[in-house]
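Step one of this worksheet: look at the structure below.
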Amino acid sequence: MSMSATCPHVHEISGLREPKLSQSIHREECTQCFDSQDGPKGIDVCLVCFNGSCLDSDRHHTRNHALRSGHSFTLNVKRTPKKKISNRADGEEPPAKMKKLAINEEREEDKYEHATVFKCWKCDMQDGKEVAIDVANTKRLTDGIMLSLSSARQSEVKAWEEEITACEHTLCLEQLQSGSIPQEAHCASCELTSNLWLCLTCGALGCGRAQFGGTGGNGHALAHFNATQHPVCVKLGTITPEGGADVYCYACNDARVDPELVNHLSGFGINVAAQKKTEKSMTELQIEQNLLFDFSLTAEDGSALQPIFGAGATGLSNLGNSCYMASVIQTLFSLPLFQIRYYGKGPSGTDSPYVSPTAAAHWENCTQALPADCLECQMYKLADGLLSGRYSKPHSDHEQAPTDALAHPTPEHTPWQAGLKPAGFKALVGKGHAEFATMRQQDAEEFFSHLLTVLRRFNHSNTRGVSGQFEPTESFAFGLEQRLQCQSCHRFRYRVDTMDVLSLGVPAHELADGEADTGAGEQEAGTIGAPDESGPGKKRYRSVSLEQCLNLLLGLSGQEALEYQCEGGCGKVNAVRQMQFATFPDILVLHAKKFQLVNWVPTKLDIPVILPENDELHLDNYLGHGLQSGEVELPDSSNTSGPSQPEVDVEALSQLEAMGFPTVSCQNALIATGNAGAEVAMEWLIMHMEDPDINVPIQTAGSGSGNAPEPPAEQVAMLADMGFTNAQAKKALRETDGNVERAVEWLFNHPDDNGEDNSPATSSSETKKAPPGSSRLPARYRLKAFISHKGPSVHSGHYVAHIRMPRSDAMDVDGAVSDWVLFNDEKVVRADETSVRDLKKLAYMYVFERE
């Protein structure tokens with residue numbers, strides 16, 4: 001039968017165009033759920049906008065897209081794996097070794113077979129009508145779809161490639177000396193003969209910093225830079241005949257390219273063409289580290305932890321250093337408020353007391369042309385994927401997913417889940433961010449804060465006035481009261497900052513070899529180290545209680561003395577500052593800061609933190625009460641006119657500069673920490689090294705108005721697109737020195753400010769918005785989840801999440817009760833009590849629910 005007889009809309013095909021290289025082709029997976037091209041019905045790709053949608057009979061995502069968009073033609077794509085014929089033939093070259101932090105291109109056609117069907121939805125709006133492919137245009141469109149990079153692959157390749165470039169120090173390198181390097185050379189300051197770095201300025205040889213999982217080092221190359229300021233060095237043993245090598249610039253604190261490396265090395269008698277690589281590069285070491293860091297999946301008796309399947313027990317596949325994101329996502333969607341908001345019902349199917357539009361209802365009013373570009377759609381998609389149980393099944397084409405929540409563990413031979421691949425969500429949330437747009441490992445706490453900011457921005461700019469609609473991100477927000485007393489005039493200044501995370505410093509007391517731990521954990525049996533991380537030479541630290549950490553920040557022991565410019569006219573005097581809760585959140589997130597600068601590298605310390613009995617927190621004693629009767633308040637410095645520059649502790653600034661941090665970064669750190677000293681500022685610097693505005697000077701709020709220049713029109717437009725007025729946008733940008741991210745936060749914190757310079761939000765402290773959260777007592781919390789990290793730094797290694805599940809859904813096979821479930825990427829298992837006890841002490845983030 002001819003096509004024209006089959007489909008009366010054949011004439012419309014000539015108007016369709018194959019995709020451009022810059023367009024995303026969503027052929028792997030539905031953009032509204034996790035049904036994929038590997039399913040029995042495949043995925044329909046729209047031939048106009050290239051959206052991918054499923055053919056599920058209950059969800060009707062393809063039909064709904066056709067009705068909403070008016071796009072009538074799709075290409076159905078189904079993928080099946082090819083049978084493996086044999087191993088590598090004799091004499092065939094082995095696969096190339098990974099030499100750079102990048103995606104190795106892998107031909108999909110070598111692994112899979114694809115079946116495609118051309119369909120017209122005007123002919124059949126229920127299921128789409130198959131159209132015979134006998135027109136040249138259809139082959140052109142089919143080839144365009146199938147030969148293009150899929151959207152997920154496009155994002156991966158773009159994000160994974162780690163671009164190493166030249167810098168001013170390598171481009172303008174001046175060599176002061178030359179001369180041959182002895183073949184049996186060692187570090188000039190010790191006897192190490194490996195991990196040696198050659199200074200390209202003077203030829204000095206120094207050992208590098210100790211490499212986790214690699215060779216030793218004493219940091220003498222860095223010491224040479226500190227003494228001479230010679231910035232560029234090359235690692236001996238990594239030089240290849242092609243002119244490649246590990247080149248590092250200490251001034252930039254990053255890996256660099258030296259375009260003249262061959263000439264620079266020849267001055268020291270090194271013939272590049274004759275070199276042979278004998279040591280691992282930094283990239284190879286990083287890749288090996290991230291592959292080796294993992295958490296044990298065996299119980300105390302050596303038996304394998306049992307995988308579980310069902311609603312709420314769905315794993316997330318690692319997209320490449322994405323475990324930080326997976327652990328945060330799993331934790332968020334274990335919270336009832338997030339389940340209600342994005343899935344429509346809470347634990348055990350409880351109905352929502354709030355108005356929470358369904359995914360289908362949202363899509364009818366969604367302002368984005370494609371679900372892949374809508375954060376709300378992607379949150380609905382994640383909720384459905386994680387909570388429905390639809391995708392929580394053993395990785396087998398013939399297995400059916402259990403439908404009951406946390407079904408009984410399957411036999412030991414059952415494979416793990418394939419895991420969902422939230423590539424679209426990651427690309428959308430990380431878009432435009434210097435770090436989260438990449439495939440590098442990131443800090444889970446930083447991602448958590450970033451995700452809350454992104455969700456709030458989206459929700460604010462897309463609110464449609466739905467009565468009763470709530471945002472679960474607000475459950476984390478609370479007010480932190482800062483009470484400062486001038487020691488000269490004895491007057492007080494109170495300030496309340498809105499926070500989502502309470503960061504706790506953890507005191508480090510290293511134990512000597514053989515010394516017993518007499519700290520907070522002395523009464524506990526068992527090892528205090530994380531599984532597989534103990535060993536000879538590993539540093540051990542005295543355990544501390546979580547209550548001790550809270551007291552150091554919020555209790556009487558947390559009072560700190562600092563230099564202070566008194567607004568009451570006392571000049572620069574001593575002051576005492578104390579922090580307490582102004583309000584309590586519904587969900588309390590604690591961030592355990594366990595870092596130390598070792599050889600200029602922020603290194604994580606495995607300090608055991610002991611939680612209270614039954615994992616319960618009682619915070620009544622940490623509630624602040626604001627200005628008390630008899631206390632006299634200091635004048636509000638924000639009401640003073642004219643520009644002013646923030647003052648910093650000069651001595652602390654000098655100490656930080658001596659450590660090698662840039663001056664502006666040091667000033668920002670001291671201002672952000674209230675001039676609390678060099679140590680506190682250094683911790684802040686370590687946690688914010690990757691912030692895009694770390695080297696942007698901060699001005700006080702008073703300097704943002706008055707004679708400040710008009711903010712850029714594009715920044716004003718960006719904020720206006722979120723639903724703010726031009727006047728509000730301009731004022732927010734002036735108050736935050738033109739920083740868009742801070743301007744958004746400022747607008748959220750000043751919702752009643754109409755943008756006028758004399759508006760109440762800035763002219764009177766009496767009209768300040770009440771902080772989020774509640775000051776009601778008692779303030780009791782119980783641990784819901786914790787995120788653990790394994791590795792030397794939060795920017796490398798591996799993250800997992802432990803989540804407390806309802807007891808009725810967490811019954812072990814032997815009848816013993818286990819409250820905890822471990823989410824390790826795509827692996828979801830019941831956690832045994834011993835591993836929970838040990839890892840809980842070394843957790844990086846704790847999530848408590850208010851009782």
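Cβ from N, Cα, C; glycine included.
Cys207 is the only one of Cys199, Cys202, Cys207 that TrEMBL places in the Zn(2+) site (with Cys187, Cys190, His220). Of the listed segments 55-75, 391-411, 454-474, TrEMBL assigns region 'Disordered' to 391-411.
For the recorded positions Cys187, Cys323, counting C-beta atoms within 10 A of each C-beta gives the highest total at Cys323. Summarising the environment of Cys207 (Zn(2+) binding site), the number of other Cβ atoms within 10 Å of its Cβ, over all protein chains shown, is 26. A sphere of 10 angstroms centred on the C-beta of Cys190 (Zn(2+) binding site) encloses 13 other C-beta atoms. When the alpha carbons of Cys207 (Zn(2+) binding site) and His798 (active site, proton acceptor) are compared, the span between them is 27 angstrom. In sequence order, Cys323 are the recorded positions from Cys187, Cys190, His220, Cys323 with a C-alpha within 10 Å of the C-alpha of His798 (active site, proton acceptor). Rounded to a whole number, the C-alpha distance linking His220 (Zn(2+) binding site) with Cys323 (active site, nucleophile) is 34 angstrom. Between the CA atoms of Cys187 (Zn(2+) binding site) and Cys323 (active site, nucleophile) there is a gap of 38 Å.
Shown in sequence order, His186, Ala188, Ser189, Glu191, Leu192, Leu196, Leu205, Gly206, Gly217, Asn218, Gly219, Ala221 are the same-chain residues outside Cys187, Cys190, Cys207, His220 whose Cβ sits within 8 Å of the Cβ centre of the Zn(2+) site. When other Cβ atoms within 10 Å of the Cβ of His798 (active site, proton acceptor) are tallied across all protein chains shown, the result is 23.
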